[in-house]
Each structure stands twice: as structure tokens, then as C-alpha cells.
Protein chains: 2
Amino acid sequence: MTGPDAPYEVHEIANFTLECGETLRPARVAYQTYGTLNDDKSNAIVYPTWYSGRHWDNEWLIGRGMALDPDRWFIIVPNMLGNGLSSSPSNTPPPWDRARFPRVSVRDNVASQYRLVTEVFGIETLPLVLGWSMGAGQSFQWAVSHPEMVQRILPFCGSARTAPHNRVFLEGVKAALTADCAFEGGWYSPELLPVTGLRAAARVYAGWGYSQAFYWDEVWRELGYTSLEDFLVGFWEGFFLDDRDPDNLLTMLDTWWHGDVGTTPGFSSTEEALASIRARAIVMPAEKDLYFPPEDEEWEVSHMPNAELRVIPGVWGHFAGAGQNPADTAVIDAAVAELLSADPGK
Amino acid sequence: MTGPDAPYEVHEIANFTLECGETLRPARVAYQTYGTLNDDKSNAIVYPTWYSGRHWDNEWLIGRGMALDPDRWFIIVPNMLGNGLSSSPSNTPPPWDRARFPRVSVRDNVASQYRLVTEVFGIETLPLVLGWSMGAGQSFQWAVSHPEMVQRILPFCGSARTAPHNRVFLEGVKAALTADCAFEGGWYSPELLPVTGLRAAARVYAGWGYSQAFYWDEVWRELGYTSLEDFLVGFWEGFFLDDRDPDNLLTMLDTWWHGDVGTTPGFSSTEEALASIRARAIVMPAEKDLYFPPEDEEWEVSHMPNAELRVIPGVWGHFAGAGQNPADTAVIDAAVAELLSADPGK
């Protein structure tokens, strides 16, 4: 069984001290698995979630006949801290609830996932870590933090370091969300969400998520929408109203904003951290991604010893990696298959 | 004398009926002139303003030794309706004030400027109409509405029709501005502006105004800012707090959103209106403009009989046309000189 209604597991980590110095008591890492771990524990893949995504939102890339075939691989999808299923502002009891939920880093997420993978499953080798957007950022971080463990990574539409312009984009989303007085500094009533701010954030996001050409060509029609406004309300506002808690969104936004493998202890720069990656990598930006543009990934790949840049062509922009467009899905799936059949990194 | 403190003129049009059907009684068109109209009235250039710009914001492209030399040309800079100097929500008396200020179209602006140029100055020929951004849109409209009068146009970083993605960008700015409860549906007290919404709109705008590469390369340092946050507060928030009235901003935003020469009476499509333009044109998008991307202008030029596409290279994005970067200014100034020395359109 898959989808939002399928049962899933939660790994509790009794005392999980975050990089910021505060401790989740406990941290809860919600996760779903697909397939069966083999006897020598050599077939596990980690596929982290993205900004506000839940484990079931990754399922479009998993299935029989696809590269991520659960008949062959054991795919673990850990939910990001802050996404509402793992420890988050919305589900942590006082006093660390809501606006007081501590700051979470990309490395905190990877550390929580490492605990899950090793403590629950005893896994020592990961043939692949992959993910979209913030999931791509976690993939890079996995490869930097655990080079002995991660054999391959396939980050798509994401980066090892959040670029300055990407941060400016996030500032706009954050400012729109929090401009609503009903936000109340994060202490809104759960029954009275700042829906004006959520809808404003959605409209800001709308311009960034897909490319100029996507809108010019009215490609939203392929998703079943009947006008631009129908798409803005139906898809974008609907997206932000679909159980997206504002404090959760801000926690993940902060994680995103500060993402940078170069701040990993032991490294003095992003370049140095990228150069340390031993995993074989196919790095897949989308041709017209407006906040993770291909040139940023080109720069990152140029510093990685064992990586190939492979651009996802087309007009879907960042959402080329969301599983909405069959052509993009085919390109990503083919790359996953190729990478999994290639020799691992050294 | 130039600049914000220089005296300027206002042309009053007693009863000015807008396309929406409502009438400004009177409409006021504030304008500044540079140079002297010659005896045969053959040296007049119209240079309209842009989104929230005032006439003095256009002065960077005017000067001795430049193409727009006031010793040779008579340059008229009319302020857009809604910009706070010409008739606007902020300066129109009740009952058409503030949130009740009527909807204004690009054609209304051009009509008001036509009245100014013909009634005040008796001008029958315009060697050139040019402008940045919304000023570019007005330049296209001038050429469509008055083909017998406009000999040349030089629209830079703007379009004859606001593209769908551009509209989505505007939706984000509008949603952020109006999410602030202090906006009060447009009936905020003039002493109690929705500054949170203005600052949010500024942060949304920040990601669009300059390119990804501009931020990656920290080119804001050339403008005197010392960090990304320093630039976001100092330039962007400062920009939106510099006497920018929210209702004025929304009036101009609505004008922008609906801009399309194809809706001019007598035409059945944008293509047809573009094809009707007799003026010689150099159309100058900026290489990395995120909301007026060069491919949009390429499409428009392909439908114009007498036009050349000339891309402004570099990383400044939309603000290549703002007069902040000497290299971009030189490119635009050279194009103006070349166009003015070329034969007019037929």
C-alpha cells in the first residue's frame, strides 16, 4: 500500500541535539519504505523529501519497471524535519512548539536520517541517495558527511549550497507569508491560520516554480487547469493550503536558506567539501529552473571529482523534478537506472 | 535645473474619460521638459516613465554629449497616471480617491500624453518615443495608436503585451503588498501605511529585478551595499518606502498587467497590432531580464516590419535599463544615437 493513507513508521531518537545547540527530546523521524532489505543489506536507497513534501510525494519515481524498483531495491523515504510528519513546529509539544521550534540545518536532517538507517536497519552501505530540490541538497550533504557509506548520488533541481539569488527568492516567499497580521509572529491559532499570507506566498512561488515559457505556452493545461487564474488558485493556493503549517514552512525555509556543504566541520569552503565527495554523481538541473539555474550546478560539478552534469531539457522549470511531466520523469528515471548500473565512486 | 526639486508643469484635461468608462474631472498630466522645441516643431521626443518612476528618474539618459542631448532635442517626460505626480489614487479628491481611483490602461496613458503633446505644444511629429519597462510598453502603444506621428521607437526591457509569466510575477508582488492587514482594502490611513506589505513587496521584487548571476557575483557591491541584507533593506525596501503609495502601486500594477497593443480598437490580435507599426524600431531586452525575457521581444520583433532586436548583454537583468550600470547605459545611449540618425519608418 502506498499514498497518504498507507501506514508509516516513526523512529524516535531520544535526545537529538541540533547544530543550533537545542535538543529535541525526542526527535521523531517519520519514514516510509518500499521493497525489502536484502540479507547483506546492500540494496538500500535513501530518497529524502523536499520543501513541504511528504514521503508519498516521492512515490512517482518508485515502481515496478522503473529504476527505483521495489522488487530489487529497498527504498527509504525519510521525511524532513519540519515537514509536519517528522518533528516539526506543528507537532512538537511545548515549550519547543510552533514559533519556538529550534532552527534545523540540512546536516541535522542528514544526521537524523543516518541514525534511522544505521540504528533501525543496520545499513552500512547506500548504493544511492537521491532527491529533488531540498532533497537534492540532502543528497549532496549525505555524500559529504558519509563518504564511506554513499556510493552514488543523483541530486535533481537542487544544490549543495543555496545560491544568493535563491535566498532572495526565499526572502520574498517568507515576507509574503509573514506579512499577514494573522501570522501573529508565529503564534496564530491552529484553527485560524494566516490564509491570506499562505495564499500570498503561493502566488509569489507561482512565478518561480515553472518557467516563463511554461506560462507562455499555457502548459498548465496539461495539468487540467482551464485558465491562468484557475491554475494560480487551484494548483498554487491549493498547494499551500493542503495541510501546510506556516511555522513548518518557515522552519524548512530556514533550513533551505542556510544549506551549504561547505560549512560541514572539517571543511573550509564549499569547493573543498564538493571536492571531497567520493560518490559517483549525476547532477541534474532543469534547463529553465529559475532558482536552481543550470549554471549553478555546472559550477558545483566542476568541483566534484566523479560527477556528470546532465540537464533536464524543457519548459517545466523547477517542477521538472516534481513528477508532473512524463517526459521529465522518463529522463530522470533513465539517469537513475544508468547511475545504479555504473561502478560506484571510489 | 533637473532632479526632484526642479519645477515641473501639469497639463489639465478637463474631462478625460478612461477606457473603463469613468471620467477624471480633470485628469492631470505632470511632465518635465528638457531642451527647446524648435520652430518647425520637429525635434520633440517623448520618454514616458516606468512603474513608480517619476520624471526625474529618467534623467540619467538625458544630457549634453548623450544621444538625448537637450541642446538638439526637446525631450518631454510625461509622468504615468498613478505615479503620484499625474492623477493618482493619492492625489485625486473624493469620491475617486484612493481605493476608488478608476482603472487606467496603457492606452489611457498614451491618450493623456497625446493630449499634452498636441494641445500644449502643437506637435505633429515625434522623431522618437522611448522608455524603460512600462515606458517601453507605452512606446509600443504610441507607435500603434499614432503611426502617422511616431517615426521611431526604442523600447527597452519592456513589451507590447504583458506575458503570462510576467502577470504571475505581478500577482506575487500584489499579493505580498495586500497581505498586510494594515492595507485595509486600500483604505489605510495616509499616516499609517502598510509598511510590512510594502517591505514584503520589495523583497518579492528583489528576486526579479536583477539576475541570478547579479546576486551570485555580488554586483550590488558596485551600488555601495555591503551585504545581501544591506542591499535588500537599503535598496529594495528603501525603494518601496520612498514615497510609494500602495494604492498608486496597485493602479500602475493593474495598468501593467493588462498591457496589450492587440486590444487597441481596430485590431484583432497582438500580432496584427505589431504588424501595423510603421515606426522604425530598435527593441532592446536585457539578456537576463527575468520578467521581460529576450525571447518575448524576439517574438514581438518578428511581427514588426521595421524593427531590430538588440539584446543588452550582462548580468543586470531588468535593471539594465535603470541607469545604474554605466556599461548598460552606454549600450542604450549608442542605440538611441544610431536610431535617431537613421531614416524614420514609412
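Backbone N, Cα and C define each Cβ position, glycine as well.
It should be emphasised that the depicted structure is a prediction, and the values quoted were computed from it without experimental measurement.
Features of the protein shown, as given by TrEMBL:
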type     : residues : note
DOMAIN   : A:67-153 : domain 'AB hydrolase-1'
ACT_SITE : A:Ser133 : active site, nucleophile
ACT_SITE : A:Asp289 : active site
ACT_SITE : A:His318 : active site
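A:Asp289 (active site) sits 4 Å from A:His318 (active site), taking the Cα positions as reference. Comparing the active-site residues A:Ser133, A:Asp289, A:His318 by how many other C-beta atoms lie within 10 angstroms of each C-beta, the top residue is A:Asp289. DSSP assigns A:Asp289 (active site) to coil in the three-state reduction, outside any helix or strand.
Looking at A:Ser133 (active site, nucleophile) and A:His318 (active site), their Cα atoms lie 8 Å from each other. In the three-state DSSP assignment, the secondary structure recorded for the residue listed as 'active site, nucleophile' is coil. Summarised by DSSP class, the composition of the domain 'AB hydrolase-1' (A:67-153) is 31 helix, 15 strand, 41 coil. Residues belonging to the domain 'AB hydrolase-1' (A:67-153) score a mean pLDDT of 98 in the model.
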